[in-house]
Amino acid sequence: MAKYVVAIDQGTTSSRAIVFDYDQNMVSVAQKEFTQIYPHEGWVEHNAAEIWATQFGVLQEAIQIAGVKPEEIAAIGITNQRETTVVWDKNTGEPIYNAIVWQCRRTAPICDELKKKGLDTYIRENTGLVVDAYFSGTKIKWILDNVPGAREKANKGELLFGTIDTWLVWKLTGGKVHVTDYTNASRTMIYNIKELKWDETILKELDIPMSMLPEVKDSSCIYGYAHINGKEVPISGIAGDQQSALFGQAGFNKGDTKNTYGTGSFILMNIGENFILSKNGLITTIAIGYNGKIEYALEGSVFIAGAVIQWVRDELRLLHDAKDTEYFATKVKDTNGVYLVPAFVGLGAPYWDMYARGCLVGITRGVNRSHIIRAAEEAIAYQSKDVIDAMVADSGVKLSSLKVDGGACRDNFLMQFQSDIINTKVLRPQITETTALGAAYLAGLAVGFWKDKDEITNRWKLEREFTPSLSEEERNKKYMGWKKAVERSRGWAL
């Protein structure tokens with residue numbers, strides 16, 4: 001009798017696997033970090049073979065720690081860092097180049113060329129995305145143009161492309177299945193999210209052969225089988241990490257919004273079955289493909305959130321441990337007029353300025369370590385407010401609450417300041433591993449382990465609610481200062 005679902009959670013800095021039981025308890029967790037590769041300024045890569053090795057290793061480890069037999073596993077669900085691009089030889093199964101990570105800016109010149117040709121409007125209207133180096137399409141083109149022999153192999157049908165989910169399914173099934181789901185496809189900048197097919201106009205412009213691309217399916221269905229300790233286990237859930245978190249937060253209704261505070265910060269609002277094109281710098285993406293229906297979401301991606309705390313710790317050496325952030329932030333009553341704009345790799349939504357760079361402004365002789373640490377924390381919340389304000393304007397839906405998850409949502413100071421600055425209650429669930437939980441739910445629903453979405457909604461439990469306490473005058477004053485600081489950071493690297 002199957003009693004468990006295993007979630008594979010392949011992130012930007014680590015590979016994880018979590019075994020969940022029917023009652024959503026985390027029976028075991030295994031995690032392993034892998035190498036971050038920075039060949040040049042603004043370039044970020046991963047070794048796809050190392051991603052596979054670490055991910056399969058922690059999958060086996062989590063099962064072993066839980067003491068679970070393969071026949072007790074109902075299904076495997078996959079959630080993954082999105083946009084990160086792998087191209088491999090379908091005959092050898094070997095990547096022809098390192099995976100180009102979502103954070104990598106090397107393809108900014110390709111994006112500039114697309115804009116010069118006037119393709120940005122077409123791409124926005126059909127993929128829901130803005131033309132940016134963040135997405136997969138230009139990364140595929142770069143690999144084909146710059147790896148010797150790649151273009152010839154691609155034209156012969158010998159190369160395959162995949163986001164990380166596709167790469168993992170290919171490896172788990174022994175090269176039998178080349179597939180992705182709607183949520184991951186919607187992040188490539190080459191997938192038409194209105195017509196639900198790879199977009200031939202964009203493929204032609206980027207010179208990407210259709211033969212490289214995976215089949216696109218629902219986020220909850222049986223894609224293939226993984227061989228786990230001699231038994232075949234269905235792989236039956238796939239969603240990009242942020243869509244998976246929205247699903248794990250039971251964000252099934254129009255207007256439901258969540259913010260995941262990780263390396264970056266990612267806000268998604270469910271907008272239902274109708275496509276809305278943002279007029280305020282957001283992207284439209286596929287929230288989920290479930291039971292043959294597509295739901296859309298508005299998304300704002302903040303490139304640097306938790307990563308700003310790592311920078312304060314590792315580069316400025318103002319912290320010994322990231323866990324100390326809240327302690328220092330609450331030692332002072334405010335930032336003493338300091339703002340930190342962490343535009344280390346440009347600014348994401350709603351600005352989309354590839355050439356913005358980080359800045360620290362408002363420094364006087366009286367500014368100390370705690371002020372700068374607090375400014376770093378507040379920057380995470382300000383960037384989220386930028387996105388949420390744009391969402392409300394686009395959707396016409398007033399936010400009733402914001403559900404939160406991800407590592408930094410455990411920081412009570414940050415959650416209270418987030419509530420204060422958006423003037424909306426912030427809800428933190430008992431289970432904050434919602435990204436992995438979403439993948440588990442999708443996998444479990446496909447095989448009947450859980451019954452339906454209503455059952456999942458009933459399982460969502462609140463741990464703590466944060467309510468706004470700032471006056472309108474104070475809130476506006478703080479936010480005006482932030483907007484001024486953002487202007488200082490823009491267009492810096494031109």
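The count begins at 1 with the first shown residue.
Placed from the backbone N, Cα and C atoms, the Cβ positions cover glycine too.
According to Swiss-Prot, the protein carries these features:
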BINDING   Thr12, Thr13, Ser14, Thr263, Gly306, Gln310, Gly407  ATP binding site
BINDING   Thr12, Arg82, Glu83, Tyr134, Asp241  sn-glycerol 3-phosphate binding site
BINDING   Thr12, Arg16, Thr263, Gly306, Gly407  ADP binding site
BINDING   Arg82, Glu83, Tyr134, Asp241, Gln242  glycerol binding site
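On the structure: features taken from Swiss-Prot.
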residue: Thr13; record: ATP binding site; Cβ contacts under 8 Å, 6 or more apart: Glu33, Phe34, Gln36, Thr263
residue: Ser14; record: ATP binding site; Cβ contacts under 8 Å, 6 or more apart: Gln31, Lys32, Glu33, Phe34, Thr54
residue: Arg16; record: ADP binding site; Cβ contacts under 8 Å, 6 or more apart: Ile8, Asp9, Gln10, Val29, Ala30, Gln31, Lys32, Val58, Ala436
residue: Arg82; record: sn-glycerol 3-phosphate binding site; Cβ contacts under 8 Å, 6 or more apart: Trp102, Thr163, Ile164, Thr183, Asn184, Arg187, Gly240, Asp241, Gln242
residue: Tyr134; record: sn-glycerol 3-phosphate binding site; Cβ contacts under 8 Å, 6 or more apart: Glu83, Trp102, Gln103, Ser301, Phe303, Gly348
residue: Gly306; record: ATP binding site; Cβ contacts under 8 Å, 6 or more apart: Tyr261, Gly262, Thr263, Gly264, Ser265, Ala322, Ile380, Gly406, Gly407, Ala408
residue: Gln310; record: ATP binding site; Cβ contacts under 8 Å, 6 or more apart: Ala322
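Cβ-based crowding with a 10 Å cutoff singles out Gln242 as the top-ranked of the binding-site residues Thr12, Gln242. Classification of Ser14 (ATP binding site) by DSSP places it within a strand. Highlighted in sequence order, Gln81, Thr84, Val101, Trp102, Arg187, Gly240, Gln242 have their Cβ within 8 Å of the centre of the Cβ atoms of Thr12, Arg82, Glu83, Tyr134, Asp241, the residues recorded for sn-glycerol 3-phosphate, and are not part of that set.
Look at Thr263 (ATP binding site): DSSP puts it in coil. The 10 Å shell around the Cβ of Thr263 (ATP binding site) contains 23 further Cβ atoms across the protein chains shown. Taking the centre of the Cβ atoms of Arg82, Glu83, Tyr134, Asp241, Gln242 as the glycerol site, the nearby residues of that chain (Cβ within 8 Å, site residues left out) are Gln81, Thr84, Trp102, Arg187, Gly240, Phe266, Ser301. Of all residue pairs in the sn-glycerol 3-phosphate-binding list (Thr12, Arg82, Glu83, Tyr134, Asp241), the one with the greatest Cα separation is 15 Å apart. Around Glu83 (sn-glycerol 3-phosphate binding site), taking its Cβ as the centre, 26 other Cβ atoms fall within 10 Å, counting all chains. Gly407 (ATP binding site) falls within a helix when secondary structure is assigned with DSSP.
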